[in-house]
Amino acid sequence: MGPRLGVWLLLLLAALLLHEESSRAAAKGGCAGSGCGKCDCHGVKGQKGERGLPGLQGVIGFPGMQGPEGPQGPPGQKGDTGEPGLPGTKGTRGPSGVPGYPGNPGLPGIPGQDGPPGPPGIPGCNGTKGERGPVGPPGLPGFAGNPGPPGLPGMKGDPGEILGHIPGTLLKGERGYPGQPGAPGSPGLPGLQGPVGPPGFTGPPGPPGPPGPPGEKGQMGLSFQGPKGEKGDQGVSGPPGLPGQAQVITKGDTAMRGEKGQKGEPGFPGLPGFGEKGEPGKPGPRGKPGKDGEKGEKGSPGFPGDSGYPGQPGQDGLKGEKGEAGPPGLPGTVIGTGPLGEKGEPGYPGGPGAKGETGPKGFPGIPGQPGPPGFPTPGLIGAPGFPGDRGEKGEPGLPGVSLPGPSGRDGLPGPPGPPGPPGQPGHTNGIVECQPGPPGDQGPPGIPGQPGLTGEVGEKGQKGDSCLVCDTAELRGPPGPQGPPGEIGFPGQPGAKGDRGLPGRDGLEGLPGPQGAPGLMGQPGAKGEPGEIYFDIRLKGDKGDPGFPGQPGMPGRAGSPGRDGQPGLPGPRGSPGSVGLKGERGPPGGVGFPGSRGDIGPPGPPGFGPIGPIGDKGQIGFPGTPGAPGQPGPKGEAGKVVPLPGPPGAEGLPGSPGFQGPQGDRGFPGSPGRPGLPGEKGAIGQPGIGFPGPPGPKGVDGLPGDAGPPGNPGRQGFNGLPGNPGPPGQKGEPGVGLPGLKGLPGIPGIPGTPGEKGNVGGPGIPGEHGAIGPPGLQGLRGDPGPPGFQGPKGAPGVPGIGPPGAMGPPGGQGPPGSSGPPGVKGEKGFPGFPGLDMPGPKGDKGSQGLPGLTGQSGLPGLPGQQGTPGQPGIPGPKGEMGVMGTPGQPGSPGPAGVPGLPGAKGDHGFPGSSGPRGDPGFKGDKGDVGLPGKPGSMDKVDMGSMKGEKGDQGEKGQTGPTGDKGSRGDPGTPGVPGKDGQAGHPGQPGPKGDPGVSGIPGAPGLPGPKGSAGGMGLPGMPGPKGVAGIPGPQGIPGLPGDKGAKGEKGQAGLPGIGIPGRPGDKGDQGLAGFPGSPGEKGEKGSTGIPGMPGSPGPKGSPGSVGYPGSPGLPGEKGDKGLPGLDGIPGIKGEAGLPGKPGPTGPAGQKGEPGSDGIPGSVGEKGESGLPGRGFPGFPGSKGDKGSKGDVGFPGLSGSPGIPGSKGEQGFMGPPGPQGQPGLPGTPGHAVEGPKGDRGPQGQPGLPGRPGPMGPPGLPGLEGLKGERGNPGWPGTPGAPGPKGDPGFQGMPGIGGSPGITGAKGDVGPPGVPGFHGQKGAPGLQGVKGDQGDQGFPGTKGLPGPPGPPGPFSIIKGEPGLPGPEGPAGLKGLQGPPGPKGQQGVTGSVGLPGPPGEPGFDGAPGQKGETGPFGPPGPRGFPGPPGPDGLPGSMGPPGTPSVDHGFLVTRHSQTTDDPQCPPGTKILYHGYSLLYVQGNERAHGQDLGTAGSCLRKFSTMPFLFCNINNVCNFASRNDYSYWLSTPEPMPMSMAPITGENIRPFISRCAVCEAPAMVMAVHSQTIQIPQCPTGWSSLWIGYSFVMHTSAGAEGSGQALASPGSCLEEFRSAPFIECHGRGTCNYYANAYSFWLATIERSEMFKKPTPSTLKAGELRTHVSRCQVCMRRT
């Protein structure tokens, strides 16, 4: 234990020393430099004070730099269960789920689209016989027939005459001419039947026959619903019926109501009715089920289904291994102060912290004890600092004391003097607090700054009151007393353009000469160069000569709106204005008669009407009175600084007239000129009426009018403007005058403007020394003179009382001065608050201290040797004026100085005495032109005597100046009509017209196309039972019928005599007994003797007869029954032909065809059975249900499979055609299937073709019992099978081998009950088994193999009652682990264990954590002050500041990519998306965020999806809106497509900034300033909102940079559509912040409309600012 304690003591001592050393360094560092001023901050460090109160919570600081990676902390405790996490990403697709339960049958679907044409239907019935057609045209004549048979002999004719016959000779006569045709013979016998001729043309249909008698009821046919036929044409109306005959009916007695007659014959068809179409009927009953349809083709794969319901929560996974430590996270943002945690373990020692902010000033501490004196070490003189800020204006100094004396020349600056002795330290008032010094004197004016940007247009000023009666001559007062010299003024306004004098050289300064004689008159000089510019508002230059006309200038840009000018003089009446807009409709006025023209009335008071239209240019008005000074003009060019004005010089000689110069700029209005010569009287003008209108356009020059008659003499006019100077007249005779009397001295005049610089005079004669004048006022500082020659070294002067000189070079060390008296002891300060435990960081430099009391002067030191010159010191402040020294001796005359300003004009001298009158001289030569005389006074002088005689004819003068514009001429003749103009652009659409009158109803339309077939209706309700028909005639006896169907079960017969019957059916299940308590396990028993067989149980009572069930599946073949009693003899069969001896007999007779059963639901395809019968396997676990396989080709007939589960309802298929009758199949074994659930009614399918004869199948497994189904619909009757041919008579056969057992015969009548059978033999004794343990219930096994065929029972029994509880199954598999349980209650502390064995020595441990602070040690002795440390080496460059991911988006509103503002980095460029509109709803983007800058452009940048997993793109009327460029829209206003869209879409840039960005808005036309600490990124206009199609749109947050667009446009965006077009539309509006005057804040806004050119005068300006980092 000892060594370890020693180590701890050493560590503690080192820590204390380190702590003391750092405290001392901190104390010393407080006041070591020279920057502490006069504060002495040394002192002994006081004891550690009490801990202060906790301060207020500070504001959240800026995010710090990313620190270095910290050490890995210990693993934390297990946390509480967290909040549920965000939904994870979508997992991989799971296996198909178990099929759900069949849903309820759906509602009937919407009728589908028309299917393809079906197969040809069954031929329809013969149509009715048509009516007889019209008679056809006669046929062509037939061919000639064959010769007929010879006719009968004719009657005997008369004897003929023989002409020219010699009797006795027989002469043969000539052949006679053919005779006439004989009469037709009688018809011959009919000939043999000829061959069948070709079919003739279809004859016309005959008339309808009478209705036949009702036929016999036919067999029930197969009904197929054919397609609905088209609606037939309307038939021709029939002939009118016969008129009825009127009969007289006598009213008889009331008859009794007769019996209901028999149903009459069907009537003839009636005429078509005229009823309206009825309402749709109610749905009928359900129709009969159709046949199964054909198998459809395999469908295309379906779309992915909707997500299933969430599954059950999975089991908890195993706990994973501990992960590696992640990288340190970014510093989090403090959202709120959490609850105080428990005190943590002491951390590792931290690095030195950064310098903290300067803390608040503490209360003054207790004064420390004085420290030892420091060693004075003079510091190096620093380089000159930058000029300080301009100080405030100092107080005016005291007037200087002056002794008279001549002023000597300025001497050269002497060499720097030795430094003075050091002063005594100043006394403090006890509170060591540095106060700022007094304000310094005013510094010299700074360098002029860069010219500022052009300012915004000023706001319109208030209208000024006009000064109606102002005489400016009377307003000017007498001159005031001389004021003190003013500050140097700003440059004045530019003066009128003066003549420029030639610059003279600087001459030597001459002595004043005596008064010279007046010189001769010189020649007029040439026109001078322009002179220096000066400005005096009291002087106005003469009007310049008119110039040559200049070239027409280029058209200027549209200027900003100017300020309102002074009201002009009233103009003459203007021409009528242009047609105004259509006003509101006024009330109708009465028609007045035109009045006669009245006299011109006196001028009325000024009206307050609207500003009239622009009038023609008026004639020149009378000169106005001088106006009040105007508003300051625009900022002029920088003026040249000129000397202050001197007194006016003597008037110069007049120059000769120059050439006509160019026209000068328009001058400022001149002051009124001297009175001119009396002008001719002017005509009296018409008095003006109304306020002056704006100047009208320049009218066309009129034709010169005819000369008018001379006017009446007018009244005397006002003085005219001064005339232009005329050419010089001829030289007059010299006048003779007397000198006038001495005038009184005049009132001092207003100071004149400085005269022009005079010519250099020659050197004058030196004057006598004047008397010493009084001291003059301080003159302005002259320019520096040239350096003088080095004078001899003067004797040392009396020490002046002046300001301290510049710091000289350091002198050698002088002897130490005597100590000054101690300072006044300060008052005791307030006790300070206890300080913190550790020394704080070095504070900032304190403010300047109060000056201490001046110490007594020390003894002067010995003069030091000349030191090396020091660096120039900081210039000292300007000293106060010193006391004047005694006058020195006059110096030798210096070189000529710069000529002084011209002196003020001297007073008039006294007049000299008049001389005697001389003799008259000879007439001299004609003299030169004399100086112009002073203007004569016009007081009390007779104007008549002043007029001279008429002079000689003058020479022709030079061309006079251009005259003023003439007055308006008479109107000219009308011009030629102009050519037709081009057609204008279409106008705006007119207003909506009134609704028109209803039109005449149109003619009926053509019949519409055939409608599509309606959906299959539900079957109708059954119709009412028809009336019994008339009994038909007696039919012929029928053939013997087929064997009848099995009859109903007859009543029980009397007991028969016969063999005892079989045991009865199994009785009903008895009720289950109560479970017994389990017995104890018995001993193994010994083998018992075989028991007796039990007696058969009693027969159960017969159940009540149930409803007839639906036919079940055929049962298994029953055991061969005992021979029954003899049956009734059958009907005699037909005799067969004798047959040959047959082989082994075939299977029994073909059964009767059964009636169609209800179509069952289709079972799933069964697996092929195993051959043979195996041993039963172990029960397997229940497998998952497999997915349904594709439909295969039809296989061979398999063995019957397990009945399938209940299928879902299929869709209704079309009825299939009737199949051929199949071949008889072989008898198979049947299993009694379960009773199936009632399936939904399916469509009848096509009957399959007969398959090949399959082998007999194995007996099937017993199916699961289904739920009881509802009774099905009755099936349609099947078609009767064909009757077989009768066989031949067979020979008696040989005894054949026994045939296969025939099919089960019909059930015979019940037999007589039998006797009891004999007792069977006892069975063999079984082996005794071991008793097994009780197992857990097992899982349900697969169904076992089929048992042996059971006896066939006719009626399936009802289900029995539940049996007794079976034995327990085997132990099941282990279940999955259960869910995590709730956290248990903390257990109690266990008992301590036994002590363990002592372990081996452990490895040395790691360095322990910092222990708690020890108690403070005793106070140490003060150490000596340490020396100053060396300056540290330059630190490494700091890490660059991290951008904190502040994003800002800038839009150029042009096709150029914008630049990111300074201080930000580009991330990417894109296209400026403003908002999108889908499904008539808009969603906007904030233009200041990155979402408004899409990397790619499309007129339809989005698609839309629905819940059916279907998405559509560019398929309907959706829009997108983009910021646009100034590209003008095409003149055709057609939509823009393709590449032509590119110039219309604005580009944008997404930039990353190092700090927050926001927008500020001024709500004026001035650009707002960024807040303190923020810098500007760009300026713009305040954009708030936008809408377009359907009045939908969005807006910008005013704090976002997106609300400050750099360009103002009334249509800043363009609309694009999914069909690939873009355009501007009239329903697009943009909304901007307006300007608001402070005085208009809570008043009703004044409505106004701004036209193009003045839109920006009411839009607020804005600036986007970024916080400085």
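Don't overthink the numbers, they just go from 1 along the chain as shown.
Yeah, the Cβs are placed from backbone N, Cα and C, and that goes for glycine too.
The model shown is predicted, which means the values in this text are computed figures rather than measured ones.
Checking C1460, C1616, C1622 against Swiss-Prot, the residue bonded to C1551 by a disulphide is C1460. In Swiss-Prot, the feature 3-hydroxyproline is assigned, of P372, P1415, P1424, to P1424; the remaining candidates carry no such note in the record. Comparing P137, P478, P694, P1214 with the features listed in Swiss-Prot, the residue bearing the annotation 3-hydroxyproline is P1214.
Looking up P438, P444, P602 in Swiss-Prot, the residue bearing an annotation of 3-hydroxyproline is P602. For the pair P1424 (3-hydroxyproline) and P204 (3-hydroxyproline), the Cα-Cα distance reads 150 Å. Neighbour density for P1424 (3-hydroxyproline): within 10 A of its CB lie 7 other CB atoms from the protein chains shown. Under DSSP, P207 (3-hydroxyproline) is assigned to coil, being neither helix nor strand in the three-state scheme. For the modified residues P204, P207, counting C-beta atoms within 10 A of each C-beta gives the highest total at P204.
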